[in-house]
Amino acid sequence: MGILDIVPTGVITGDNVLKLFTYAREHGFAIPAINVTSSSTAIAALEAAREARSPIILQTSNGGAHFFAGKESSNEGQKASIAGSIAAAHYIRSIAPFFGVPVVMHSDHCAKKLLPWMDGMFEADEAYFKIHGEPLFSSHMLDLSEEPKKENIAQVKEYCKRAVPMKIWIEMEIGITGGEEDGVDNSHVSHTELYTQPEDIWDVYRELSSVTPYFSIAAAFGNVHGVYKPGNVKLQPALLGQHQAYVKEQLKTTNDKPVFFVFHGGSGSSVNEFRTGIKCGVVKVNIDTDTQFAYVEGVRDYVLKYKDYLMTPVGNPEGADKPNKKKFDPRVWIHEGEKTMTKRVLTALEDFYTVNTL
(Lines of atoms letter the chains of each structure in order from A and count residues from 1; the text may use other names and numbers.)
(Lines give C-alpha, C1' and ligand atoms only; values in the text may rest on other atoms or scores of the structure.)
Protein backbone atom coordinates (compact mmCIF):
# COMPACT_ATOMS: atom_id res chain seq x y z
CA MET A 1 0.00 0.00 0.00
CA GLY A 2 1.19 3.50 -0.83
CA ILE A 3 0.05 7.04 -0.07
CA LEU A 4 -2.23 7.22 -3.10
CA ASP A 5 -4.24 4.36 -1.65
CA ILE A 6 -5.32 6.62 1.21
CA VAL A 7 -5.21 10.23 -0.09
CA PRO A 8 -5.84 11.88 -3.50
CA THR A 9 -3.45 13.89 -5.65
CA GLY A 10 -3.51 17.68 -5.69
CA VAL A 11 -3.85 19.92 -2.64
CA ILE A 12 -5.16 17.89 0.31
CA THR A 13 -6.85 19.11 3.49
CA GLY A 14 -8.39 17.90 6.74
CA ASP A 15 -8.42 14.17 7.39
CA ASN A 16 -6.24 13.58 4.33
CA VAL A 17 -3.45 15.67 5.89
CA LEU A 18 -3.83 13.66 9.10
CA LYS A 19 -3.70 10.42 7.09
CA LEU A 20 -0.57 11.58 5.24
CA PHE A 21 1.34 12.57 8.38
CA THR A 22 0.24 9.42 10.20
CA TYR A 23 1.41 7.28 7.29
CA ALA A 24 4.75 9.14 7.23
CA ARG A 25 5.25 8.67 10.97
CA GLU A 26 4.37 4.97 10.81
CA HIS A 27 6.55 4.29 7.74
CA GLY A 28 9.58 6.31 8.86
CA PHE A 29 9.83 9.19 6.42
CA ALA A 30 9.34 12.96 6.44
CA ILE A 31 8.02 15.36 3.82
CA PRO A 32 10.10 18.36 2.72
CA ALA A 33 8.37 21.71 3.18
CA ILE A 34 9.69 23.99 0.46
CA ASN A 35 9.29 27.76 0.66
CA VAL A 36 7.98 29.13 -2.63
CA THR A 37 7.95 32.76 -3.72
CA SER A 38 6.70 32.45 -7.30
CA SER A 39 5.11 30.10 -9.81
CA SER A 40 8.65 29.20 -10.90
CA THR A 41 9.83 28.02 -7.48
CA ALA A 42 6.55 26.15 -6.95
CA ILE A 43 7.01 24.33 -10.27
CA ALA A 44 10.60 23.44 -9.37
CA ALA A 45 9.45 21.72 -6.17
CA LEU A 46 6.50 20.00 -7.85
CA GLU A 47 8.77 18.65 -10.60
CA ALA A 48 10.94 17.00 -7.95
CA ALA A 49 7.92 15.44 -6.23
CA ARG A 50 6.61 14.08 -9.52
CA GLU A 51 9.99 12.64 -10.50
CA ALA A 52 10.46 11.04 -7.06
CA ARG A 53 6.84 9.86 -6.75
CA SER A 54 6.59 11.65 -3.42
CA PRO A 55 4.23 13.98 -1.58
CA ILE A 56 5.41 17.55 -1.07
CA ILE A 57 4.63 20.52 1.17
CA LEU A 58 4.69 23.99 -0.41
CA GLN A 59 4.72 26.95 1.94
CA THR A 60 4.72 30.73 1.73
CA SER A 61 6.43 32.86 4.33
CA ASN A 62 5.19 36.35 5.10
CA GLY A 63 7.93 37.92 2.99
CA GLY A 64 7.58 35.31 0.27
CA ALA A 65 3.86 35.99 0.08
CA HIS A 66 4.54 39.74 -0.20
CA PHE A 67 6.88 39.00 -3.10
CA PHE A 68 4.20 36.84 -4.74
CA ALA A 69 1.91 39.90 -4.68
CA GLY A 70 4.61 42.21 -6.04
CA LYS A 71 7.64 43.33 -4.08
CA GLU A 72 6.83 47.01 -4.66
CA SER A 73 3.26 46.63 -3.35
CA SER A 74 2.52 48.31 -0.02
CA ASN A 75 2.19 45.80 2.78
CA GLU A 76 0.34 48.13 5.13
CA GLY A 77 -1.93 46.03 7.31
CA GLN A 78 -0.32 42.90 5.81
CA LYS A 79 -2.58 43.33 2.76
CA ALA A 80 0.09 42.38 0.22
CA SER A 81 1.17 39.30 2.19
CA ILE A 82 -2.46 38.23 2.52
CA ALA A 83 -3.08 38.72 -1.20
CA GLY A 84 0.16 36.96 -2.13
CA SER A 85 -0.55 33.92 0.05
CA ILE A 86 -4.07 33.63 -1.34
CA ALA A 87 -2.78 33.98 -4.90
CA ALA A 88 -0.14 31.31 -4.30
CA ALA A 89 -2.72 28.95 -2.81
CA HIS A 90 -5.09 29.37 -5.75
CA TYR A 91 -2.26 28.92 -8.26
CA ILE A 92 -0.93 25.81 -6.53
CA ARG A 93 -4.45 24.38 -6.24
CA SER A 94 -4.93 24.82 -9.99
CA ILE A 95 -1.59 23.31 -11.07
CA ALA A 96 -0.96 20.60 -8.43
CA PRO A 97 -3.30 17.94 -9.92
CA PHE A 98 -1.27 18.09 -13.15
CA PHE A 99 1.75 16.72 -11.27
CA GLY A 100 -0.08 13.72 -9.84
CA VAL A 101 1.19 14.01 -6.25
CA PRO A 102 -0.43 14.97 -2.92
CA VAL A 103 0.41 18.55 -1.94
CA VAL A 104 0.06 20.24 1.44
CA MET A 105 -0.50 24.00 1.00
CA HIS A 106 1.00 25.64 4.08
CA SER A 107 1.77 29.10 5.45
CA ASP A 108 5.10 29.44 7.24
CA HIS A 109 6.21 31.31 10.42
CA CYS A 110 3.64 33.81 11.66
CA ALA A 111 4.94 35.77 14.64
CA LYS A 112 2.66 37.78 16.94
CA LYS A 113 3.26 41.01 15.04
CA LEU A 114 2.18 39.26 11.82
CA LEU A 115 -1.15 37.93 13.12
CA PRO A 116 -3.17 40.22 10.79
CA TRP A 117 -1.65 38.15 7.97
CA MET A 118 -2.87 34.95 9.62
CA ASP A 119 -6.32 36.44 10.16
CA GLY A 120 -6.52 37.39 6.49
CA MET A 121 -5.67 33.85 5.42
CA PHE A 122 -8.24 32.43 7.83
CA GLU A 123 -10.88 34.70 6.31
CA ALA A 124 -9.94 33.32 2.89
CA ASP A 125 -10.17 29.78 4.28
CA GLU A 126 -13.63 30.44 5.69
CA ALA A 127 -14.88 31.97 2.44
CA TYR A 128 -13.50 29.05 0.42
CA PHE A 129 -14.96 26.56 2.89
CA LYS A 130 -18.47 27.98 2.48
CA ILE A 131 -18.31 27.24 -1.25
CA HIS A 132 -16.17 24.09 -1.47
CA GLY A 133 -16.54 22.40 1.91
CA GLU A 134 -12.79 22.60 2.57
CA PRO A 135 -10.37 25.43 3.41
CA LEU A 136 -8.17 27.16 0.84
CA PHE A 137 -5.00 26.21 2.76
CA SER A 138 -4.17 22.80 4.16
CA SER A 139 -2.33 24.17 7.18
CA HIS A 140 -0.92 27.23 8.92
CA MET A 141 2.07 27.79 11.19
CA LEU A 142 1.92 30.03 14.26
CA ASP A 143 5.32 30.99 15.65
CA LEU A 144 4.68 32.61 19.01
CA SER A 145 7.87 31.16 20.49
CA GLU A 146 9.07 34.67 21.38
CA GLU A 147 6.12 35.01 23.76
CA PRO A 148 5.81 33.51 27.28
CA LYS A 149 4.88 29.83 27.11
CA LYS A 150 1.45 30.29 28.66
CA GLU A 151 0.53 33.03 26.18
CA ASN A 152 1.97 31.04 23.26
CA ILE A 153 -0.12 27.97 24.02
CA ALA A 154 -3.29 29.92 24.83
CA GLN A 155 -3.19 31.93 21.61
CA VAL A 156 -2.44 28.89 19.45
CA LYS A 157 -5.33 27.08 21.15
CA GLU A 158 -7.70 29.89 20.16
CA TYR A 159 -6.63 29.57 16.52
CA CYS A 160 -7.11 25.81 16.77
CA LYS A 161 -10.70 26.41 17.88
CA ARG A 162 -11.22 28.57 14.79
CA ALA A 163 -9.49 26.01 12.57
CA VAL A 164 -11.12 22.78 13.73
CA PRO A 165 -14.53 23.22 12.02
CA MET A 166 -12.61 23.37 8.71
CA LYS A 167 -10.10 20.71 9.83
CA ILE A 168 -7.17 23.03 9.15
CA TRP A 169 -3.87 21.64 10.41
CA ILE A 170 -2.03 23.95 12.82
CA GLU A 171 1.73 23.87 13.35
CA MET A 172 3.11 25.66 16.40
CA GLU A 173 6.57 26.33 17.79
CA ILE A 174 7.65 25.90 21.39
CA GLY A 175 11.19 26.87 22.29
CA ILE A 176 13.34 29.10 20.14
CA THR A 177 14.80 28.43 16.71
CA GLY A 178 17.87 30.62 16.34
CA GLY A 179 18.84 32.78 13.40
CA GLU A 180 16.45 34.92 11.36
CA GLU A 181 13.42 33.99 9.26
CA ASP A 182 10.81 36.30 7.71
CA GLY A 183 9.47 38.38 10.58
CA VAL A 184 11.16 36.42 13.37
CA ASP A 185 14.71 37.38 14.45
CA ASN A 186 16.25 35.16 17.14
CA SER A 187 19.86 35.64 16.09
CA HIS A 188 20.66 37.17 19.49
CA VAL A 189 19.66 34.24 21.72
CA SER A 190 22.16 32.02 23.51
CA HIS A 191 22.57 28.33 22.61
CA THR A 192 21.12 27.27 25.97
CA GLU A 193 17.77 28.79 24.95
CA LEU A 194 17.56 26.62 21.83
CA TYR A 195 16.33 23.44 23.53
CA THR A 196 12.71 22.65 24.40
CA GLN A 197 11.98 20.62 27.55
CA PRO A 198 9.75 17.49 27.62
CA GLU A 199 7.36 19.22 30.01
CA ASP A 200 6.87 21.98 27.44
CA ILE A 201 5.89 19.46 24.77
CA TRP A 202 3.40 17.84 27.13
CA ASP A 203 1.88 21.21 28.03
CA VAL A 204 1.31 21.92 24.33
CA TYR A 205 0.03 18.44 23.55
CA ARG A 206 -2.37 18.40 26.50
CA GLU A 207 -3.92 21.76 25.67
CA LEU A 208 -4.16 21.43 21.88
CA SER A 209 -5.33 17.82 21.82
CA SER A 210 -8.32 18.87 23.92
CA VAL A 211 -9.43 20.96 20.95
CA THR A 212 -8.18 19.26 17.78
CA PRO A 213 -6.23 16.25 16.47
CA TYR A 214 -4.89 18.37 13.60
CA PHE A 215 -1.66 19.82 14.96
CA SER A 216 2.10 19.40 14.98
CA ILE A 217 4.88 20.81 17.13
CA ALA A 218 8.14 22.42 16.07
CA ALA A 219 10.32 21.77 19.10
CA ALA A 220 13.69 23.45 19.51
CA PHE A 221 16.69 21.13 19.67
CA GLY A 222 19.43 23.58 18.74
CA ASN A 223 17.93 24.56 15.38
CA VAL A 224 19.06 27.71 13.57
CA HIS A 225 17.55 29.32 10.49
CA GLY A 226 19.73 30.41 7.58
CA VAL A 227 23.31 29.68 6.57
CA TYR A 228 25.93 28.31 8.95
CA LYS A 229 29.11 26.26 8.80
CA PRO A 230 28.88 22.55 9.72
CA GLY A 231 29.76 22.09 13.39
CA ASN A 232 28.77 25.61 14.41
CA VAL A 233 25.29 24.48 15.39
CA LYS A 234 24.80 21.78 18.04
CA LEU A 235 21.69 19.97 16.89
CA GLN A 236 20.34 17.26 19.18
CA PRO A 237 17.36 15.72 17.31
CA ALA A 238 17.54 12.65 19.57
CA LEU A 239 15.94 14.87 22.24
CA LEU A 240 12.69 14.45 20.31
CA GLY A 241 12.73 10.79 21.29
CA GLN A 242 12.82 11.81 24.95
CA HIS A 243 9.88 14.14 24.34
CA GLN A 244 7.91 11.31 22.72
CA ALA A 245 8.64 9.01 25.66
CA TYR A 246 7.52 11.66 28.14
CA VAL A 247 4.23 12.31 26.34
CA LYS A 248 3.67 8.55 25.95
CA GLU A 249 4.06 8.13 29.70
CA GLN A 250 1.65 10.96 30.46
CA LEU A 251 -0.93 9.51 28.08
CA LYS A 252 -0.44 5.92 29.27
CA THR A 253 -0.53 4.89 25.61
CA THR A 254 1.17 2.10 23.65
CA ASN A 255 1.96 4.54 20.83
CA ASP A 256 5.72 5.18 20.94
CA LYS A 257 5.38 8.37 18.86
CA PRO A 258 2.19 10.20 19.82
CA VAL A 259 3.49 13.61 18.70
CA PHE A 260 3.85 14.88 15.12
CA PHE A 261 7.14 16.80 15.13
CA VAL A 262 8.49 19.37 12.66
CA PHE A 263 12.20 19.99 11.96
CA HIS A 264 12.89 23.71 11.49
CA GLY A 265 16.12 25.20 10.18
CA GLY A 266 16.76 22.19 7.94
CA SER A 267 19.13 23.90 5.50
CA GLY A 268 22.72 22.86 6.20
CA SER A 269 21.82 19.99 8.54
CA SER A 270 23.38 16.56 8.03
CA VAL A 271 21.57 13.53 6.65
CA ASN A 272 22.17 11.75 9.97
CA GLU A 273 20.53 14.62 11.89
CA PHE A 274 17.50 14.50 9.61
CA ARG A 275 17.16 10.74 9.91
CA THR A 276 17.56 10.80 13.68
CA GLY A 277 14.71 13.29 13.83
CA ILE A 278 12.57 11.13 11.53
CA LYS A 279 13.10 8.12 13.80
CA CYS A 280 11.77 10.28 16.63
CA GLY A 281 8.56 11.28 14.85
CA VAL A 282 9.51 14.18 12.55
CA VAL A 283 7.08 14.21 9.61
CA LYS A 284 7.90 17.62 8.11
CA VAL A 285 11.26 19.29 7.46
CA ASN A 286 11.55 22.94 6.44
CA ILE A 287 13.98 23.73 3.63
CA ASP A 288 14.43 27.29 2.38
CA THR A 289 17.99 28.63 2.37
CA ASP A 290 19.37 25.60 0.51
CA THR A 291 16.73 25.78 -2.22
CA GLN A 292 17.23 29.54 -2.59
CA PHE A 293 20.91 28.97 -3.24
CA ALA A 294 20.19 26.02 -5.53
CA TYR A 295 17.93 28.22 -7.67
CA VAL A 296 20.50 30.96 -8.06
CA GLU A 297 23.19 28.40 -8.96
CA GLY A 298 21.43 27.54 -12.20
CA VAL A 299 20.82 31.17 -13.11
CA ARG A 300 24.37 32.18 -12.14
CA ASP A 301 26.03 29.45 -14.18
CA TYR A 302 23.88 30.25 -17.21
CA VAL A 303 24.68 33.98 -17.04
CA LEU A 304 28.41 33.31 -16.66
CA LYS A 305 28.38 30.87 -19.56
CA TYR A 306 26.42 33.13 -21.94
CA LYS A 307 27.42 36.53 -20.62
CA ASP A 308 28.54 37.73 -24.07
CA TYR A 309 25.07 36.92 -25.42
CA LEU A 310 23.27 38.86 -22.69
CA MET A 311 24.77 42.34 -23.08
CA THR A 312 22.72 43.49 -26.07
CA PRO A 313 19.65 42.23 -27.97
CA VAL A 314 21.78 41.82 -31.11
CA GLY A 315 25.47 41.06 -31.43
CA ASN A 316 27.55 38.29 -29.89
CA PRO A 317 30.79 36.36 -30.49
CA GLU A 318 29.16 34.69 -33.50
CA GLY A 319 28.61 38.00 -35.28
CA ALA A 320 27.63 41.65 -34.86
CA ASP A 321 24.23 41.03 -36.45
CA LYS A 322 23.40 37.80 -34.63
CA PRO A 323 20.27 38.02 -32.41
CA ASN A 324 20.39 36.96 -28.75
CA LYS A 325 16.68 36.44 -28.06
CA LYS A 326 17.04 32.68 -27.55
CA LYS A 327 19.57 33.38 -24.82
CA PHE A 328 17.86 36.22 -22.92
CA ASP A 329 14.30 34.85 -23.10
CA PRO A 330 13.28 34.59 -19.40
CA ARG A 331 11.85 31.13 -20.04
CA VAL A 332 15.37 29.91 -20.76
CA TRP A 333 17.37 31.28 -17.83
CA ILE A 334 14.56 30.98 -15.29
CA HIS A 335 14.25 27.32 -16.21
CA GLU A 336 17.95 26.86 -15.46
CA GLY A 337 17.22 27.97 -11.89
CA GLU A 338 14.25 25.63 -11.72
CA LYS A 339 16.37 22.68 -12.78
CA THR A 340 19.00 23.19 -10.08
CA MET A 341 16.34 23.81 -7.43
CA THR A 342 14.52 20.63 -8.51
CA LYS A 343 17.77 18.72 -8.09
CA ARG A 344 18.16 20.04 -4.52
CA VAL A 345 14.58 19.10 -3.61
CA LEU A 346 15.22 15.61 -5.01
CA THR A 347 18.19 15.32 -2.65
CA ALA A 348 15.94 16.24 0.29
CA LEU A 349 13.36 13.65 -0.78
CA GLU A 350 16.09 11.02 -0.83
CA ASP A 351 17.53 12.12 2.52
CA PHE A 352 14.10 11.99 4.19
CA TYR A 353 13.18 8.54 2.75
CA THR A 354 10.27 10.12 0.85
CA VAL A 355 11.10 8.73 -2.61
CA ASN A 356 8.62 6.22 -4.09
CA THR A 357 6.18 6.48 -1.19
CA LEU A 358 3.18 7.02 -3.49
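Glycine too: its Cβ is placed from the backbone N, Cα and C atoms.
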Name the residue among T253, T340 that Swiss-Prot annotates as phosphothreonine.
T340
Residue pair G265 (dihydroxyacetone phosphate binding site), H109 (Zn(2+) 1 binding site) - Cα distance, angstrom, rounded:
12
If H, G and I count as helix, E and B as strand, and all else as coil, what does DSSP give for T342 (phosphothreonine)?
helix
T289 (dihydroxyacetone phosphate binding site) to H264 (Zn(2+) 1 binding site) - Cα separation in whole Å:
12
Report the member of N286, T289, T312, T340 (the recorded positions) whose C-beta atom has the most other C-beta atoms within 10 angstroms.
N286
For the C-alpha pair, I'd like the distance in angstrom between H264 (Zn(2+) 1 binding site) and D288 (dihydroxyacetone phosphate binding site), rounded off.
10
